[in-house]
Amino acid sequence: MRLHRNLVLAVIDSLNYIYNDGLYADKVVEKTLKRDTRWGARDRAFIAETIYDCVRWKRLYNEISGTKNHFSQENLWKIFTVWATLKGISLPDWKQFEGTPVRRLKGKFDEFQSNRAIRESIPDWLDEMGVKELGKQWDKEIEALNQPASVILRTNTLKTTKKILHKALLEEEIGSEFVEGYPDALKLMERKNVFRTDIFKQGFFEVQDASSQLVAAYLDVKPGMRVIDACAGAGGKALHLAALMENKGQIIALDIYGNKLKELKRRAKRAGAHNIEPRTIDSTKVIKKLYNQADRVLIDSPCSGLGVLRRNPDAKWKLQPEFIENIKKTQAEILESYSKFLKIGGKMVYATCSILPSENEKQVQAFLKTHDNFHLVKEKKVSPAKSGFDGFYMALMERTA
Ligand SMILES: C[S@@+](CC[C@H](N)C(=O)[O-])C[C@H]1O[C@@H](n2cnc3c(N)ncnc32)[C@H](O)[C@@H]1O
């Protein structure tokens, strides 16, 4: 691979925004890619993948380059040099690469392989928490969570079928394949900007990881039911629920953030989902009005997001242990409060995109201990290491009295 100066400069500028100004990697990548319309697909892929690599491996590259968490322009070049060296790219004779100790950098990489927190490029506190929660399995999970994620689409069955979508994508020169065990999923053969296609604008699909596609299906919804999606956000699961319910019945989509629900509304329109009713939780009244009203409740709970690190590598550096402790309290409160939406005989799914038992099965166990009118029907832990997709947890419970 040959390095092109303008592309490398775009990467260095982006790293400055992410490392020093704390901006989110996805937002920075999006903005950087708009900088030069002459960049082709390969150039864009280089920029996006290199930035994500440097965010994912920030600690490792920092330790190898000796930049000591100080990201001046000169040090950002050092970080980039480590990236290029470990990729086996021969460095051009630019002044920034003069005197690069290639062998020493590779030696340092080998040296750090015995230190998991550095090797996997995570903060020490996270490594300790991972071991405490998952024991030996942590090693495999964190390794899997450092792999770049593939792009998965969910066919919108309100508008099309998986076979038709597969063909329509091919007509746009986008290759995809079916994913066994995931009835509506298509996996892209290579990363492409699918949002530009007409079939996206027509609502034929959503981009949604395979594991996430299991959640709405777990709720066992039927057309005509009254369903409450209690943490609906921008509606990834609500749109799926609408499709599973064939647009029949009612989905009340709640969230504490009205702007997320606005996005949900836009997406629902595109998807042709007509049975979703967004309601912002701006008072306890909104909640109390819904007690004993629902056949099904989905609690797609706020969580640490540790299961989706492949997609959001900057979360490694933005997450704090205090945040995880607080979010666990919120999870318990949400379960307590939103379980009241269910009618007797109704079913509820509690789900997270975390792999920590303390956010998952332990929350459900604690809830069931104090609510003997609920019982666990089934639960599923999706391991990134075993599935190759995002980490998720889901538990299906039934209200019996
Ligand atoms: C995991 S996200 C939901 C993702 C969404 N269901 C989807 O599939 O796209 C969790 C959501 O819970 C919302 N949330 C946080 N605290 C909440 C609360 N107390 N009540 C309801 N929603 C809450 C957040 O705003 C966020 O949108």
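One is the number of the first residue shown, and numbering goes on along the chain from there.
Each Cβ is built from the backbone N, Cα and C atoms, and glycine gets one as well.
These figures come from a predicted structure and were not determined experimentally.
Annotation comment: TrEMBL describes 141-401 as domain 'SAM-dependent MTase RsmB/NOP-type'. Taken as a whole, the domain 'SAM-dependent MTase RsmB/NOP-type' (141-401) shows an average pLDDT of 97 in this prediction.
The S-adenosyl-L-methionine binding site annotation in TrEMBL covers Asp255, Asp282, Asp300. The DSSP secondary structure for Asp255 (S-adenosyl-L-methionine binding site) is strand. When Cβ atoms from all protein chains are considered, those within 10 Å of Asp255 (S-adenosyl-L-methionine binding site) total 21, not counting its own.
Over all protein chains present, the Cβ of Cys353 (active site, nucleophile) has 26 other Cβ atoms lying within 10 Å. Annotated active site, nucleophile per TrEMBL: Cys353, in sequence order.
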### Message
My understanding is the cutoff is Cβ-Cβ under 8 Å with a sequence separation of 6 or more in the same chain; which residues meet that for Asp282 (S-adenosyl-L-methionine binding site)?
### Response
Ile256, Gly258
### Task
Show which residues of the chain containing Asp300 (S-adenosyl-L-methionine binding site), separated from it by at least 6 in sequence, have their CB under 8 Å from its CB.
Val215, Asp229, Ala230, Cys231, Ala232, Gly233, Lys237, Ala351, Thr352
